[in-house]
Amino acid sequence: MTKSYSESGLMGEPQPQGPPSWTDECLSSQDEEHEADKKEDELEAMNAEEDSLRNGGEEEDEDEDLEEEEEEEEEEDDQKPKRRGPKKKKMTKARLERFKLRRMKANARERNRMHGLNAALDNLRKVVPCYSKTQKLSKIETLRLAKNYIWALSEILRSGKSPDLVSFVQTLCKGLSQPTTNLVAGCLQLNPRTFLPEQNPDMPPHLPTASASFPVHPYSYQSPGLPSPPYGTMDSSHVFHVKPPPHAYSAALEPFFESPLTDCTSPSFDGPLSPPLSINGNFSFKHEPSTEFEKNYAFTMHYPAATLAGPQSHGSIFSSGAAAPRCEIPIDNIMSFDSHSHHERVMSAQLNAIFHD
């Protein structure tokens, strides 16, 4: 049978709602998440805008400063010629302090290096055979003399023979200046003209280079590598320095004496040689003044009249009115003139004592 209207109307009436389904819950949760994301995005955008505003102001200030600096540099470049290469950095206070600190350290290093070098050169000056209280060897002369000294000693050790003094001194003075050569000669108690024949072109060829007018004194320089007993064993005050007779050797031996020889105006014997005297860098040997031979005449004896109270026989000889007599002692009766043999004996004795003990 057919249904009634009432029944069909009941179908169109709203039915009571039941509990929400799981789909509704999912949709609501998604909406909440979308809203939270939107809020976060809005906050981030606001923060970014604020940062951009702040940074924009700073960047604008920096840009303005850079533009001003560029304008100043352009003005300076217009005034000054352009320099090639890297541009010089602006000197700040920190860079200036670092620069000063580096310079101070470099100066201290250089000062210490020079102090060490000078101390080493002073020690070397004490070792080389050249010493003077008034003069000081330069650095280059000290190194040259040390090189020559090492070479001479190595040659002696290699050959195993006692060297000739003249050749030894010539090796020491090779390449040195004249003042340094004079200092070495003064240390060895030699005259530079005796071992430098090239400085005397007028010297006769038959004469030896070493003359007896300047005999070799004992080698007073003490070296750490050589024995000490031979040095200073001879006393120069006991050695007579005999000059040759003027009439026989005056012209030939004039180059070897400090002053030219004159006829019978100097005594036959001179006192010992004093240490070399330095005058403007030139060393020369000077005889010490002797009270016995100060006069031009030799061995003159004066007797005052007050002390001659004796017999009449003596009074006739030593009278007060008469001139003082001259008592000359011949040289031949005292010592024969054997200059070269004496010089060679002294050299050989000293060298043998040094290198064979």
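Counting starts with 1 at the first residue shown.
Note that Cβ sites are derived from N, Cα and C of the backbone, with glycine treated the same way.
Look at Swiss-Prot and you will find 1-94 tagged as region 'Disordered'.
Residues or ranges marked as compositional bias 'Acidic residues' by Swiss-Prot: 58-78.
As annotated by Swiss-Prot, compositional bias 'Basic residues' applies to 81-93.
Averaged across the motif 'Nuclear localization signal' (87-93), pLDDT for the predicted model comes to 80. Taken from Swiss-Prot, the feature motif 'Nuclear localization signal' covers 87-93.
Residues or ranges marked as domain 'bHLH' by Swiss-Prot: 101-153.
DSSP gives SER162 (phosphoserine) a coil state; it is part of no helix or strand. Among the features that Swiss-Prot reports, phosphoserine is placed at SER162 (among others).
The annotation phosphoserine is assigned in Swiss-Prot to SER259 (among others).
If you look up Swiss-Prot, you'll see SER266 (among others) marked as phosphoserine, on the strength of similarity to another entry.
Feature annotation from Swiss-Prot assigns phosphoserine to SER274 (among others); the stated evidence is a curator's inference.
Among the features that Swiss-Prot reports, phosphoserine is placed at SER336 (among others), with the record citing experimental evidence.
As a summary of secondary structure, the domain 'bHLH' (101-153) carries 42 helix, 0 strand, 11 coil according to DSSP.
Just so you know, the Cβ of SER162 (phosphoserine) picks up 17 other Cβ atoms within 10 Å once every protein chain is counted.
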